[in-house]
Amino acid sequence: MTRPPTLHPPRAPRAGRAARGPGAAAAGPSRARRTSTPATPAAPVGPSAATGLDGAPRWVSGALAGVQGALLSLLVVVMPALAAYVVTSADPSNAEIGWPRSVAVGSSLWLLGHGGPLTADGVTITLVPLGITALAVFTAYASARRSAHPALSSWVAATVAHVVAVLVVAALLGEAGPFGAGPLAVLRLALGSTAVAAVGLGAGMLRRGRLRELTRPAWSRIPALVRTGTAGGLLLSAVVVGVAGLVASGWVISGRAAAGDVIEGLGVDTFGGLVLAVGQLAVAPNLVLWVLAWLAGPGFSVGAGTSYAPNEVVSGPLPALPLLGALPTPGSGGGLVTWVPVVVVLSGAVAGWWLHGRLVASRRRETPLALVVLALAAGTLTGAATLLAGGAAGPGRLEVVGGPALLVGATVAGLGLLGAALVALPADPVLRRASARGARRTWDRVRGRGVVDPAAATDRGTRGSPTADPGDQPGEPADQPGGRGDRR
């Protein structure tokens, strides 16, 4: 009996080399089944992920960054005071001084760096150690850069949190802090801490190029000459401050012998010398701005009745601070030193050259107006910096420390304007063309009044008189000029 054949469904033909295409040949002869594993999405990297605040409002990260920045700068200032207490605690003369006193001293200096005046034994200290101010700005910047979300609500919350932290520390100090100096001192502390927090935290939250994007709509509405002049004033101020920093460094190096005598007189040990050196960094920026006042010409004072100016140096008893050993000595003023303010003129020339390269003037008055704006901006900035660097540093004579802010600002504005004008005005093509036209007109007028041209005089004398026509018959009246046709 024959078995019936088994029917199978037809198989699909295998793809040959021709059917696979050129891309399949490179895949190789492997028949292993390929399995694709879905890629795990990477965790978002940002302030919220870094702080573990996923899902929280944006202002929370800002508030935490503000508190973190305030506490970080406070610890940096307080820790040296605590270290000094630990080192000197074995001294029997310090038996009645506990560690809370060291914390209070460090906290008071920290509040002073935020602009809060201090009162001790009826003496009010208003001199702001700008080194501590710079430290507070930097820690606020670093905290916001690391943890805060870049948003307006976050910036506002961070600023408020920073100010609240400062006021809480001041309240804990009680009468030893700004609260003991009156309501105006507390208001000054609040304003100073607000400025420190707003600048430091705001700079930390802004990404590269973000500031330009935010300010471009308002900045573009300002006339070009005002924008360029303001930037030129900022450049002039930066150049003058940079030169002042170099001069201050030279003073410190040349006065190291006097500073060594002060340290030897204090009788501090190695650790005390290190603490003293770190403490002097708090007032180093103040010294730089005092040198700025010296470069401008008006000079500065460290105590009532003293004067440190290029033309004259009147010294007096100074606090036992080694950094003050760098100040000029009596008899060092006058002579060639009197010409030191020329540095401000040269700085103005640098700013004027920059302004000439940036400003595209189409009218004669644009460059002079831009120079006026440059001078006003530079004078305002340097005057404000001089005001911040001065104040009362103690009782009696030390109530007058720093330079005259208004006079320094006005002097920098005037000398800077002179230097910028000497460079920018002759280089302006619009002014050059206008000056050339004016000079030609003046020369033409001088020639017209001083030299008589016979041909021109004859032409002017005969113009408007009857003219004789060679074709006229004898006795015929001459033609009258001045008409399109002869009047008959």
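The backbone N, Cα and C atoms fix where each Cβ goes, and this holds for glycine too.
Between the stretches 282-300, 339-357, TrEMBL puts its transmembrane segment entry on 339-357. The listed stretches are 63-87, 122-142, 185-206, 231-253, 369-393; of these, 231-253 has the most Cβ pairs under 8 Å to the transmembrane segment (339-357). Across the candidate stretches 154-173, 185-206, 231-253, the maximum count of CB pairs under 8 A to the transmembrane segment (63-87) is reached by 154-173.
Within its own chain, the transmembrane segment (369-393) is flanked in space by residues 123-128, 130, 225-226, 228-230, 232-234, 236-237, 240-241, 285-286, 289-290, 292-293, 296, 300, 319, 348, 351-352, 355, 359, 361, 399-406, 408-410, 412-414, 416-417, 420-421, 424-425, which lie at least six positions past its ends and keep a Cβ under 8 Å from the stretch. Residues 62, 65-66, 69-70, 111, 114-117, 119, 124, 128, 133, 136-146, 148-151, 154-155, 158-159, 162-163, 166-167, 170, 178-179, 214 of the same chain sit 6 or more residues outside the transmembrane segment (185-206) yet have a Cβ under 8 Å from a Cβ within it.
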